[in-house]
Amino acid sequence: MKVTVLGAAGGIGQTLSLLLKLRLPAGADLALYDISPVTPGIAVDISHIPTSVNAIGYAGEDPSVALKDPSVALKDTNLVIITAGIARKPGMTRADLFNINAGIVKDLVEKVAEVCPMACIGIVTNPVNTLVPIAAEVLRKAGVYDKSKLFGVTTLDVVRAKTFVSELKHKNVETVTVPVVGGHSGTTILPLLSQALAEGRLLDFSQTEIESLTQRIKNAGTEVVEAKAGGGSATLSMAESGARFALAVFKALLGEDCVRYAYVQSKEGSGYPEFFAHPVRFGLKGIEEILPIAPLNEYEQTQFEELKPILEADIELGKKFVNP
């Protein structure tokens, strides 16, 4: 079994690669690819860590690899994690990333369609709302689209909600669960605090707490960008969240039961936008089942109605990028 990280030399990619080297099951293969010439060195660096995961790196500028061609890294892979692209800077929204990152992800997914069409694809690169539909259209054009094998990684939203709720309510963070659905941008993330649990029991929030927590979860990415004063975005927490997700899906492909939130194609006629973050059961072939979202309260329903047209516009933007 093999995982390939595309964008492995970036701020998220390096840390993600390290975490996968530490956490993947013994005997797993880990391929790292980036256009940066340092990528093989990153693989050498983490290969010195004593785990039974085999890491090898490929660079787009490596003479043994066709220029900017990740084909060798993708050969026989089971799971592709895409982190390639530019990161957010102060004043930038995820939408500002679109013009650059859309082209990068489109090119990479075209290679996935060609080299490993049966692989599962997890997209970390922002804007996830738009890049996942781009990937879907690219795979459709290639005749290999399988909605059970494509997902946007929204784990960071769930991780942040869990952390912020545990801090506010002084609960053991390991016992806290908070559903987070919707999209993966400040205007489309929807935490369902009415369903938040600690130690298996529903938590009580005042309306002020709900509104404050909701806004903090939605804008947590901006909080990090501003706190780093121009020195980067949420690379470390994103890498850790991406590693959690990748590891869970990898184990599901090996037969372990796994439920995670992910931005995936919704069931037709469900009333949700075409792509939406749902609770998902993963299995041997990728997505096995999209699980139902419990009824929303009035505040959450209002939020849902507000985000729906924004998310639908994001999705349409992605589709038109591939099919003008």
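In case you wondered, yes, glycine gets a Cβ from its N, Cα and C as well.
In three-state terms derived from DSSP, Asn101 (NAD(+) binding site) belongs to a helical segment. What Swiss-Prot lists as NAD(+) binding site is Gly7, Ala8, Ala9, Gly10, Gly11, Ile12, Gly13, Asp34, Asn101, Val124, Thr125, Asn126, Met238.
Annotation source Swiss-Prot lists substrate binding site at Arg88, Arg94, Asn126, Arg160. For Arg160 (substrate binding site), the count of additional Cβ atoms within 10 Å of its Cβ stands at 24 [all protein chains shown].
DSSP assigns His184 (active site, proton acceptor) to coil in the three-state reduction, placing it in neither a helix nor a strand. Sequence annotations record features per position, and here Swiss-Prot assigns active site, proton acceptor to His184 based on sequence analysis.
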- Task: Tell me the Cβ contacts of Asn101 (NAD(+) binding site) under 8 Å, same chain only and six or more apart in sequence, or just say none.
- Result: Ala84, Gly85, Ile86, Thr125, Asn126, Pro127, Leu131
- Item | Candidates Arg88, Arg160, His184 (recorded positions) - the one closest to Met238 (NAD(+) binding site) by CA | Arg160
- Message: Here's one to test understanding: among the binding-site residues Gly7, Ala9, Arg88, whose C-alpha is closest in space to the C-alpha of His184 (active site, proton acceptor)?
- Response: Arg88
- Query: How many Å lie between the Cα of Ala9 (NAD(+) binding site) and the Cα of Arg88 (substrate binding site)?
  - Reply: 16
- Task: Tally every other Cβ atom lying within 10 Å of the Cβ atom of Arg88 (substrate binding site).
- Result: 20
